[in-house]
Every structure is written in structure tokens, then in C-alpha cells.
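*Asks:* I'd like to ask you about the structure that follows.
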């Protein structure tokens, strides 16, 4: 159904248009995408004719700053925070709307000799400013277009157009597949592009390592920072780094302040953390990776808001969704990079969560065995554990 990212990059380098599909839990739409440097009148006309949506030009922050392209509005209330700037035309265009003139304006954006006064405001080209960090920071078509351009070795700019059906509705994956076949286009997902970037780009930096005696034994603790969002993560390690080919006992644990520190009975996080450290110490070799992904990625305050909803009868999944979040926002790409830095290639993973296994394997790590980590249910977390089993697929038994 979808093509490898490498095939899409080859097509873009040849001046072809591709289709990029975003997450079904986001807009669930497809955009035509081309490199800005290959945005010929023919490409613009193709997008206008067969895409029918708004043609925009995603740009890196550097290009936007150089040309003094400011946000369209001071307070962005768009649900996806799409970063439109004021629309533009090149001053030498007439109406600015024809395929030829839109192509001319796009090419002028890439010209290093262009200055802000070369462009009229408003116009018929709609620049979008991509966030630094690209799809790893924001999983949108804007960032995907700029990431793809840079991966092609081209200037950080693209041209995109939402794809609509003939009846004016948004084209979803089944229709997009037919459109791709009809026009012989490569089609990729932003999800695959995110994975491609995690596998290709090192985004964590080892900052420090210390020896730490604990109630569970003496560990070597490695501190890391994430270059994209500045978050800090730590790995508690027993054994010699780098590890060899022999499977290593690993626990990837997401931060839970209420459970890990204060002994909350609403979850099983604290007991899981302690059990994992005990098992690693008993084996004398292993890694506990502590990721700062509080509340399955929604943050501490939002987790407390979710708890408030649970007091009103919501379960843990329903509470997240009521707050506008997915049930689980965690991403394991950064964790995989830290494990690779520690020389972990093959592991025995302490987890009840099959999605965690898939998440880590998707970044090139091998999991030879799943080691269950089920804790005894308590009065206040039994519903929580049953929901994780029934709705999130956790491998638990009651």
C-alpha cells in the first residue's frame, strides 16, 4: 500500500509529485508533495487540477526569517497549529494566481538573492513555517515536506496541496490509493517518515555518567538529553557497556511521579519500577531506561486532570480522549537511540505491553523474549489494569 521512504526520495529528486498521508488519529488526509525547486508550472497545475485543495509552500524557519515572512495571525487557534504566514506574490507577477506565476513566486522564495521587498503581501502563495525538529516535533505535512526536501539535499522548502475527491470531500486512504495508482505516484506515511528520521539521525546526547548506590544495588547511571525537545532521560545500568550479542534484560519505564515517588494506588507503576530494578540486580546485568513521558505522554497536570475525570466514572482511556489526547502518546524512538548508544542490540524486555515491543522493534532493536511484569491488583487500580488489558491490549491475567 505504502512505499519505502527511500523510493519517495528518489521520486522527489526526479521532480515527481508524491502523496504523503498523515495519522488516522490526526487529520487522516493525504497531500500532494513536491520539492519547491521542482515546482514547475506543470506541477502547480497538476496539484490544482487533481488535488483541488489549497496549494501551500512549507519553508524552514531560516528561509522564513530571511524573507521576513511573519505569522498570518498573532494568536493561532487552529487545532493543529498550522503556521501560515501572510500570503505573498512576487512583485513581478500580474494576477499571481496562474500556474506559471505561482511557480515563479515559489522559485523566487528559494533564490538566495531574494529580499523581503521582492514580494507583495497578500498574494496567492501561502508559506507555512515548519517547526525545528521537523516531524519529530510536529507530525504534520508542513514538517514532512521540509524534512523530505532536506533529506533530498535540496533547500528546505516544498509545495503541498490537500487532496479532495471530485465531490468536494476529503480523500482518505482508499481513495488516495486509487489516485496514486492512476497517476503512478509514490505514497508514504508521516509515521514511516518519523521512523526513518529516528533511524537516520542521532537526536540524543550522552551528557554524564555516574555510579549510584541504591536500595536495589549499585548502578551506573547515564544521563541523556533530547535535542528536539530538551527533555532529559536516564538509564540505570548494571554490567559492562557496550553490551555484546547476548540478550540483555531491559525495562523501558515511563515516568510516573505519583506512582514512582509517592506510591499512588491508582496505577501499578511504582511496583513495576521496583520489581524491574530488583530483577536486573538479581541478574547482575541489565538496563532500566527511565523516559520522561509522564502520564503516557500527556504530562503531569493533564494526568491529574485525567484522574479527576476517572473520579467521575471515566476509565483511563476515556479520560485521555475526553481531554483531547490519544490513549497513549508515547514514542519509543528516543528510547531506542539511548539503548543503541549503550550497545544494546538484543534484549529480554520486561513489559506487559505488546505495543512497546512493536515500538522498539520498529527502530531496529531485537527482542528475543518478553518477560512479564504483572503486579498484584489493588482496590484502587483494578479497573485501571482491566482497561489496559481490554482496551490497550496489555497482556495481563486476573
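Backbone N, Cα and C define each Cβ position, glycine as well.
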*Asks:* Return the residue out of 272, 337 that Swiss-Prot annotates for the same GTP site as 251, 252, 253, 254, 255, 294, 295, 296, 316, 351, 356.
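*Replies:* Swiss-Prot names 272 for this GTP site.
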*Asks:* Give me the count of other Cβ atoms within 10 A of the Cβ belonging to residue 328 (active site, proton acceptor).
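*Replies:* Cβ-Cβ neighbours of residue 328 (active site, proton acceptor) within 10 Å number 20.
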*Asks:* Hey, how far is residue 256 (Zn(2+) binding site) from residue 296 (GTP binding site), Cα to Cα, in Å?
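*Replies:* Just about 9 Å between their Cα atoms.
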*Asks:* Which residues does residue 351 (GTP binding site) neighbour through Cβ under 8 Å, counting only same-chain ones at least six apart?
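*Replies:* In sequence order, 251, 252, 357, 370, 371, 373 meet the Cβ cut-off.
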*Asks:* Let me know how many other Cβ atoms fall within 10 Å of the Cβ of residue 294 (GTP binding site).
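*Replies:* 18, counting other Cβ atoms within 10 Å of residue 294 (GTP binding site).
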*Asks:* Compute the average pLDDT of the predicted model within the region 'DHBP synthase' (1-199).
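*Replies:* PLDDT averaged over the stretch: 93.
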*Asks:* Which chain neighbours of the Zn(2+) site, leaving out 256, 267, 269, have a Cβ atom within 8 Å of the mean position of the site's Cβ atoms?
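*Replies:* Everything else in range on the chain: 258, 259, 260, 264, 266, 268, 270, 272, 273.
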